[in-house]
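Sequence annotations record features per position, and here Swiss-Prot assigns GTP binding site to 13-19, 41-43, R306, 332-334, 414-416 based on sequence analysis. Positions annotated as Mg(2+) binding site by Swiss-Prot: D14, G41. What Swiss-Prot records for D14, E15, G16, K17, N39, A40, G41, H42, T130, R144, Q225, T240, R304 is IMP binding site, and it gives sequence analysis as the kind of evidence. Sequence annotations record features per position, and here Swiss-Prot assigns active site, proton acceptor to D14 based on sequence analysis. Annotation source Swiss-Prot lists active site, proton donor at H42, citing sequence analysis. What Swiss-Prot lists as substrate binding site is T300, T301, T302, G303, R304, S305, R306.
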Amino acid sequence: MGKNVVVLGTQWGDEGKGKIVDLLTDKVAAVVRFQGGHNAGHTLVIEGKKTALHLIPSGILRQDVQCLIGNGVVLSPEALLKEVRELEANGVAVRDRLKISLACPIILRTHVRIDQARERARGNDKIGTTGRGIGPAYEDKVSRRGVRLGDLCNPADFEIKLREIMSYHNFVLTEYFKEEAEDIDAALEELRQMGEEILPMAADVTDILHDYRKRGEHILFEGAQGSLLDIDLGTYPYVTSSNTTAGGTATGSGFGPLYLDYVLGITKAYTTRVGSGPFPTELFDDMGKHLAVKGNEVGTTTGRSRRCGWFDAVALRHAIQINSVSGICLTKLDVLDGLETVKVCIGYKTPNGEITRPPIGCDSYSDIEPVYEELPGWSESTVGLTSVDQLPENAKAYIRFLEEQIEAPIDIISTGPDRVETITLRHPFGE
């Protein structure tokens, strides 16, 4: 009987999901993206060779795996075709192994323009978006005026819808932001041409998923960004525009929640965040710089440096609860190698006393101070270890302490970027 596993980030993104998805795909028939867009960034290292993916599921590097993009993903045709061509240039077959939901909203040129204009207008109060049109595309989806991939199947109707929505966007650009209008005719022709390449890959992804389920195949659902960036449950308004938590799996793919068997939460051994927003354990000293340099903390999608801090057990307990996490994969343990001591945030100090759950709303974070537990570090290297018995005793103690604090088992430990640099204590697919 097949198992259906969700892999998602439990911090603010960049937890190392791509490697773990790639690691687990040797067991699956299909890998599915269910939310976000090309604002995601997954770097895979296979036998020393790096591959960066933003939209196509990480399973594409496994030749027998079907890759699916669900209806919850907002689709940039340009980004999709660029990624397809780059993979093909490296000898990876894509077009016969990738299926994209006909219900995917399309990201238009004007979505990108509006996204970037808004960020400029916010000045110092910017959200920190990637500027790729993700948010405006989701807005149009919710407002029921967006165009979807399936609309390209009817060119006449598509033109009517596109002219209507881009006229509205141009009004916003010219009248509110005082910027130049976008050429609708040029956008229409460009989308028609790209549609000719993309439509052969379009399909009813929900139906395909349930066919795999009925055949008893393993399916893996690949989350993007991180749980603390969820539009509803994250540090609003410094969040992304989609549901990055486990609930988004069902709505973004049409695969009912009762069919999901295991939720794997990916978590760094410390904490990072890109862009603006609350970050209670952020370090502004040499230790923060050390983590950033040793962890190579630069965003795959944006190229921006990530903010770094100690492990936040308070935030992680929240993420585990809202996702019904079955087990944790701890990544980048090796970044902590060589430190005399390591710290874990176990609570937040507020003017009204200590709390052990994150507050709701960003304003409540302004008076928060982290409460730390300090543990002894380890001088030995953990890089490339494949057995828990090989770990230094203090590293084992650190892992046990984290499990106690977050109230969840650590089932996988990543000890390096390559798929083979992994310690598996309990396999999500039970194998």
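Each position is counted from 1, following the chain as shown.
Using N, Cα and C of the backbone, Cβ positions are placed for all residues, glycine too.
Features recorded in Swiss-Prot, as mapped to the structure shown.
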residue: G13; record: GTP binding site; CB count, 10 Å: 28
residue: D14; record: Mg(2+) binding site; CB count, 10 Å: 28
residue: K19; record: GTP binding site; CB count, 10 Å: 25
residue: N39; record: IMP binding site; CB count, 10 Å: 26
residue: G41; record: Mg(2+) binding site; CB count, 10 Å: 22
residue: T130; record: IMP binding site; CB count, 10 Å: 24
residue: Q225; record: IMP binding site; CB count, 10 Å: 29
residue: S305; record: substrate binding site; CB count, 10 Å: 12
residue: R306; record: substrate binding site; CB count, 10 Å: 20
residue: L333; record: GTP binding site; CB count, 10 Å: 24
- Looking at the binding-site residues D14, Q225, R304, S305, which has the shortest Cα distance to T415 (GTP binding site)? D14
- Message: Please identify which of H42, R304 has the densest Cβ environment, defined as other Cβ atoms within 10 Å, among these recorded positions.
- Response: H42
- Message: Considering Cα atoms only, can you say which of G13, G16, K19, S305, R306 is the nearest neighbour of N39 (IMP binding site) among these binding-site residues?
- Response: G13
- Hey, of the binding-site residues listed (T43, T415), which one tops the CB count within 10 A? T415
- Message: Need one number for the IMP-binding residues D14, E15, G16, K17, N39, A40, G41, H42, T130, R144, Q225, T240, R304: the maximum pairwise CA distance in Å, whole number please.
- Response: 34
- Message: What does the structure give for the C-alpha distance between L333 (GTP binding site) and D14 (Mg(2+) binding site)? Integer Å is fine.
- Response: 14
- Task: Sorry to bug you, but what's the C-alpha spacing from G13 (GTP binding site) to Q225 (IMP binding site), rounded to the closest Å?
- Result: 4
- For H42 (active site, proton donor), what is the secondary structure by DSSP, using just helix, strand and coil? strand
- K19 (GTP binding site): nearby recorded positions from H42, R304, S305, R306, Cα cut-off 10 Å: H42
